[in-house]
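A short write-up of the structure that comes next.
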Amino acid sequence: MEILMSIIIGIIFTVSVYLFLSRSIIRVVLGTLLLSHGVHLLLITMSELQRGAPPLLNLGAESYTDPLPQALVLTAIVIAFGVTSLLLVMVYRTYKEHETDDLEELRGSADE
Amino acid sequence: MNNLIILPIIIPFIIGAVLIIFAKHHRLQRVVSGFTAVGMLILSIYLAIVVYQDGVIVLEAGNWAAPFGIVLVADMFATLMVLLTSLLSAACLFFAFKTITPKREKFFFYPFYFFLLVGVNGAFLTGDIFNLFVFFEVMLLSSYALIVNGGTKYQLRESFKYVIINVFASALFVVAVAWLYSVTGTLNMAHISERVAELEQTGVVNVIAIMFFIVFASKGALFPLYFWLPKSYFGPPAAIAALFGGLLTKVGIYAIIRVFTLIFYHEPTYTHKAVIVTIAGFTMLFGVLGAVSQFDFKRILSYHIISQVGYMVMGLGIFTPLAVAGAIYYIVHHMIVKTALFLFAGAAERVTGTTDLKKMGGLLKTHPVLSWMFFISAISLAGIPPFSGFFSKFPIILAGFQEEQYIISGVALLVGLLTLFSMMKIFSYAFWGKQKHTDEQAKLPIGKLLLPIAPLVALTIILGIAAEPIFQYSLQVAEQIMDPSIYIESVLKE
């Protein structure tokens, strides 16, 4: 199971890096979104996907899944969400001011 | 008593939150934030003295014992960094009072300023690797807001790149934490250090170490991950550029030093003496070459940040007590002098209305105090003996020769020369020569702008004259961080 997850995460990373390197500004933002998905899946995978009950004590199960990575992922999701919303607003403002979404045109002049 | 060490995090947090409510009353904001900055400075001096006398203070959040809860750890290195943070933030804040426009001020400048300090102080004081990530994000999110504050075309364009680089680096940080967690099964830094010691630095630990190095190197602007820095630090107003230039990259350097002295210290011939030293050499060289090639006041200073970050990492890479002590002394010197220089750039911009060196000239005649204070900071940066720059470079280069790392020491000496060259370029173009600004501009009173910078210039002189006691202090700090058992025992209480 971990191997399957690792391959999928690898594919997500590949796609996101490809998007990072593209010209359109919104595709770069999509790249950051995908990257954060990959990272969160990796965080869950790396703590071993052992079989067990959800970490709720009233289930009275024999074994539980590791609760720590879930808390970490929850934190990381919220942070990524905040950063993404800020980034989207910044992209919107940049588009309004510069009237382009092409990163080649957002390079700045040579004498700067 | 232990609760003392959470104060540098909680005070700016509360003040920042309160200031949101009064966002439009900028006079009230100034009064509150000014008093808070001074209070923080006094508090952090007290904290540094307490830790110096009593040893490492550990605070277990919520009374959960060490590996299970989050701990805050204040050792001498962390308190020194907190002290420097308070000092720089106070200087930049008082400079901002005089320079920042009310339009920028009303858009939550002061709340973000204090949230930035929450992140920075938290990153220095935390003892938990994921908590370090969270505090990094607190710092970075506020820095995004501050760097784009004002929303000029240039700022929007370059801030986007700054945000993207940092988002990518943060994602890699979580990857590194995930790997480290899967190898060691813990997040507490002292506990990780113990577990890694049991693993005896197998291959996977080296991979994780280099991953952490990449993450922090992109935050701390090391070669080849420094490309975002010069452009994005050019956009924001001088007070913010000075705070970022003095503070933000040094948080990355602090994290590198912490991680590579506490956790990944088992195979220094590979990680420290090969990888870090090589990267440090290239960082110094390329940073200073960038500075030499530029013709803009702020851009030269931005490239100098890069080259000087290289010295600190070189000190870590050589990895003897003398070299690490030199690196710590260098951090102290660099943070103070760099902030002062950026603030001088802001003051000169206020007078001449430009930072392009070819359009400046003759400031020496019209503003002699500014010019000579700049001159002192400039030669201090280059490392001329009576000032702090010399005494902080000397131990690093000396340790380099002692450890027979001749190439890197040679590079460090050459970089010192080129630093002097580019600082003198600023001095001769902007301050010497014919007066290029108008007489009206020449009459501008800038005495009030110089007041917040004066303590920083005084400190670089004091750090040079009182080199002996300060070097002894750095040596104690270095010995403390190079002996991880002190840290581990005070956290895990065995």
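A Cβ is built for glycine as well, from the same backbone N, Cα and C atoms used for every other residue.
Below 8 angstroms of C-beta separation, residues 32-33, 36, 39-40, 43-44, 47, 59, 72, 82, 85-86, 106-108, 110-115, 117-118, 121-122, 125 of the same chain, each at least six residues beyond the ends of the transmembrane segment (B:6-24), sit close to that stretch. Among the features that TrEMBL reports, transmembrane segment is placed at B:6-24 (among others).
Sequence annotations record features per position, and here TrEMBL assigns transmembrane segment to B:31-52 (among others).
Positions annotated as transmembrane segment by TrEMBL: B:64-95 (among others). Sequence-distant contacts of the transmembrane segment (B:64-95), counting only residues of its own chain at least 6 positions beyond either end whose CB sits under 8 Å from a CB of the stretch, comprise 5-6, 8-9, 33-34, 37-38, 40-41, 43-45, 47-48, 51-52, 56-58, 113, 117, 120-121, 124-128, 131, 186, 188-191, 238-240, 242-243, 246-247, 250, 254, 257-258, 328, 331-332, 335-336, 339-340, 343, 346, 449, 451-453, 455-456, 459, 473, 476-477, 480-481, 486-487, 490-493.
Residues or ranges marked as transmembrane segment in TrEMBL: B:107-126 (among others).
Feature annotation from TrEMBL assigns domain 'NADH:quinone oxidoreductase/Mrp antiporter transmembrane' to B:128-416.
Marked as transmembrane segment by TrEMBL: B:163-183 (among others). With a cut-off of 8 Å between Cβ atoms, the residues of this chain six or more beyond the transmembrane segment (B:163-183) that come close are 129-130, 133, 136-137, 140, 144, 192, 195-196, 199, 204-205, 207-208, 211-212, 214-215, 218-219, 225, 228.
Residues 136, 161-162, 165-166, 168-169, 172-173, 175-176, 179-180, 183, 196, 248-253, 255-256, 259-260, 263-264, 266-267, 270-271, 275-276, 279-280, 282-283, 286-287, 302, 305-306, 309-310, 313 of the same chain lie 6 or more positions beyond the ends of the transmembrane segment (B:203-229) yet place their CB under 8 Å from a CB of it. Residues or ranges marked as transmembrane segment in TrEMBL: B:203-229 (among others).
Under the heading transmembrane segment, TrEMBL lists B:270-289 (among others).
Residues annotated as transmembrane segment in TrEMBL: B:301-322 (among others).
The transmembrane segment annotation in TrEMBL covers B:328-348 (among others).
Residues annotated as transmembrane segment in TrEMBL: B:369-387 (among others).
Positions annotated as transmembrane segment by TrEMBL: B:407-428 (among others).
Within the chain carrying the transmembrane segment (B:449-467), a Cβ under 8 angstroms from the stretch's Cβ atoms is held by residues 87, 90-92, 94-95, 98-99, 332-333, 336-337, 339-340, 343-344, 346-347, 350, 369-370, 373, 376-377, 380, 385-391, all 6 or more beyond its ends. Under the heading transmembrane segment, TrEMBL lists B:449-467 (among others).
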Should anything in the same chain at least six residues away from the transmembrane segment (B:301-322) have a Cβ under 8 Å from its Cβ atoms, list it; otherwise answer none. 220-223, 226, 229-230, 233-234, 245, 249-250, 253, 256-257, 260-261, 268, 272-273, 275-277, 279-288, 290-291, 294, 328, 330-331, 334, 338, 341-342, 345, 381, 393, 395-396, 398-400, 402-403, 405, 408, 412, 415, 419, 422, 475, 478-479, 482
